[in-house]
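Encoded as structure tokens, the structure appears first; notes follow it.
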Protein chains: 4
Amino acid sequence: MTKTYTSEEAEALIHSHDPEHPANLICDLCQGFYKLGWVTGTGGGISIRDKDLVYLAPSGVQKERIKPEHIFVLPIAQSSVPKPGSKRDFIRIPKKEGLKESQCTPLFWNAFTMRNAGACIHTHSQHAVLLTLLLPRETPSFRISHQEMIKGVRIGGTGKALHYYDTLQVPIIENTAVEEDLTEGMAEAMAKYPDAPAILVRRHGVYVWGNTWEQAKTQAECLDYLFEIACKMLQNKIPLEGFE
Amino acid sequence: MTKTYTSEEAEALIHSHDPEHPANLICDLCQGFYKLGWVTGTGGGISIRDKDLVYLAPSGVQKERIKPEHIFVLPIAQSSVPKPGSKRDFIRIPKKEGLKESQCTPLFWNAFTMRNAGACIHTHSQHAVLLTLLLPRETPSFRISHQEMIKGVRIGGTGKALHYYDTLQVPIIENTAVEEDLTEGMAEAMAKYPDAPAILVRRHGVYVWGNTWEQAKTQAECLDYLFEIACKMLQNKIPLEGFE
Amino acid sequence: MTKTYTSEEAEALIHSHDPEHPANLICDLCQGFYKLGWVTGTGGGISIRDKDLVYLAPSGVQKERIKPEHIFVLPIAQSSVPKPGSKRDFIRIPKKEGLKESQCTPLFWNAFTMRNAGACIHTHSQHAVLLTLLLPRETPSFRISHQEMIKGVRIGGTGKALHYYDTLQVPIIENTAVEEDLTEGMAEAMAKYPDAPAILVRRHGVYVWGNTWEQAKTQAECLDYLFEIACKMLQNKIPLEGFE
Amino acid sequence: MTKTYTSEEAEALIHSHDPEHPANLICDLCQGFYKLGWVTGTGGGISIRDKDLVYLAPSGVQKERIKPEHIFVLPIAQSSVPKPGSKRDFIRIPKKEGLKESQCTPLFWNAFTMRNAGACIHTHSQHAVLLTLLLPRETPSFRISHQEMIKGVRIGGTGKALHYYDTLQVPIIENTAVEEDLTEGMAEAMAKYPDAPAILVRRHGVYVWGNTWEQAKTQAECLDYLFEIACKMLQNKIPLEGFE
């Protein structure tokens, strides 16, 4: 029962003077993520859900230079997981020629439908990728405990905050040739690890979500911090958990 | 003997065109600390004391996006150490729903009451945390000598400047599940090490203070520099002190 | 058959309010490259081709402080590879005394003439230089596979995008005393490795090109990311290819 | 025969709308140096000479927050090397109470008088300090060859540019308890190594100079780059010179 939008109404969805409007936020946040090294070379991005609408950046563009007029809008109530390029109920497609919605669309949808998330962030952070390389090859998940920054992460990404003595666990799935082919593997890992606040993709990056864009962003920062300190600990042979 | 403020007077406390007013400074400095990686993911922050008033950021928010209207104001003359959420004499509580004062409040108070500090900074810097992990497990304090940057640090944080040949000593306390539970351990360490300009918290971060916000900030920078160079020295098996 | 420009027409070539005009873009992009550590100390830069005109920065100046009036304009249709300081058909030479066109001019020309590139970037990134030092001395090229960021690079720099399972190969040539003496070595490597999207220069940096400035920049970012992760992998004894 | 300035004339020396006026440049450059990590915690800075006048920042202040009104002006023609706090011919002393001229004043003077430099930069860069710690304890100088960035450095700091095959040599002197006590050691090293473009101070930082502020800055960047790559080479057991 998605509302039907006229083209004027659809266009109006991405024009706002409010800096916290999703179309403005995506542009602003992507600039910040670029400075953090998370979305260099067109990789990564953020999708924000506002009630029954989902706002998405285009695929394959410089994320730090996106403008609101480049933003795609989709209804959250798709009949199935939306695949990039497939026929679906777009509410707004940018007029600029050749733009396609982010390849991450079906992966963002996992967070929206399986965790009822309000936002989902994908980064190619070197800390995430190096961590998946430093951990032994068979390791199914990253586990760490006894780090203050664990307290900034929520159970399942959208539940209660973890405690200092809790063990944070983030599953690691294998990368695939095409980004949308990660969809199923990510969904399986989310089902198998209901408390996981994120999914690491080996040799690729991480997906993090939260109830709101603020929680998705601060959790992405806490997790990236933990990936970074974990890489340093592994390189210095300091155990990641089981401390004391 | 705290002055009683009308709600208009309390509200006026955080509105100023002076960029060096505490409510403006906290916002400005937190943006800088974010770029340094000190307050990522809502962690860390700064509290500034102006005569008998203390200005504080909220808990659990993005520190680089704080605005003056989010700032809490408390009287310095609390009857006891203020614990977050406890009943106390707030002068100003931000109107935005759900904001609570920083969890670090009682720790900042240690610096104000035990050292008569004018400002206290808390960071989650990776250099601080990695240092507490690289030092042998039993090490009660970080010690370093023969570094130019030691001269930027003051005895006890608020006394005379250290000299190049002095040994800087910063106690390391164990982290606790709840931030306010660090209060006593930090106070004990400050009593035991009266010359220490800061307290490191293992697997968590550091508390640094100074007579003014400028001194607190420049000392936090000097200490963070020393934590960083010390990590590199330890990783390269270069002794931190006892040089020559 | 290059068009003949009056001095007014030549001067007009670099004045535009369009932020995406080549003369404005070079200045803007060089500021970004400075922040990335790619063009520190006057090194590196970018040349953009717009139809039959090539825009170039001066040699030996602070790249992050270039202004449009410092930009050189040359016709792409030089009778031979233009060498810095040689007599050639300049369309516009900046009026500021002592400015010479970038020493990289003939190297940029390789990308324009051999790959029909629309832009070429040269960086002194530490990741590129360290990589050429960490690889065994005889290694003729850098090879890496199974990294998501490989998908951001195109075959030969201007062809189709590489896939995740493809092996990226970037030849490494030896540095020379004078930058223009690299011209022949770079051309030979480009001829020998037609699929290579870039040329590494040992103890010096990298040349990267693309169909457009956007593709040149995003490929330079993807490659720099891969150089960085490869350095970390080599330092941690993780193989760069042949995974699984 | 220094000109005598009225207080109005002296005050006018630091007020200019020209962004390249020394008083404006010092503020601008120090902000950039702060972002590079060169002048954190009040350390480091830059002095610029304009004909017979020398412009200096104050001592012990946040270098990224200096304003033109804080700048000291001295005549270059001091009867002896000026020592901080000593009686001397100031042309302009900032009115703000408690400001003293940079502790580096006599060290900057070495560059002005012994090399006829137009500007001198002092940094506490971690790359410089770590390098002095990684090199064997007795090493009197840092030597490196076969690096492209060597070409950005001039013989003696103010002469002709070095070539790729030249060996760059930067003497390392021992640190002293008081900064001005470095004056003599620095002068001796400059006399002993007339071709050196800079002086490293063990466990402290580096002094770099040039004919102009542009040359001092770009040489400081090239040298810092070389210090950084040298640290990485030493940590990976790659020889710094004698290559091939």
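Glycine is no exception: its Cβ is also placed from the backbone N, Cα and C atoms.
Residues or ranges marked as active site, proton donor/acceptor in TrEMBL: C:Glu148. The substrate binding site annotation in TrEMBL covers C:Cys104. Here TrEMBL flags C:His122, C:His124, C:His204 as Zn(2+) binding site. Annotated domain 'Class II aldolase/adducin N-terminal' per TrEMBL: C:24-231, in sequence order.
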Inset, instruction - May I ask which residues of the same chain, at least 6 positions away in sequence, place their Cβ under 8 angstroms from the Cβ of C:His204 (Zn(2+) binding site)? - result: C:His124, C:Val129, C:Thr132, C:Asn175
Inset, instruction - Could you measure between C:Cys104 (substrate binding site) and C:His122 (Zn(2+) binding site) for me? Cα positions, answer in whole angstrom. - result: 8
Inset, instruction - Sequence order please: the recorded positions C:Cys104, C:His122, C:His124, C:Glu148 that have their Cβ under 8 Å from a chain A Cβ, otherwise just none. - result: C:Glu148
Legend entry - Cβ packing number for C:His124 (Zn(2+) binding site), 10 Å threshold: 27
Legend entry - Averaged pLDDT, computed only over the residues in the domain 'Class II aldolase/adducin N-terminal' (C:24-231): 95
Inset, instruction - Whole-number Å only: compute the distance from the Cα of C:Glu148 (active site, proton donor/acceptor) to the Cα of C:His122 (Zn(2+) binding site). - result: 23
Inset, instruction - Mind sorting out which of the recorded positions C:Cys104, C:His122, C:Glu148 are close to chain D, meaning Cβ under 8 Å from one of its Cβ atoms? - result: none
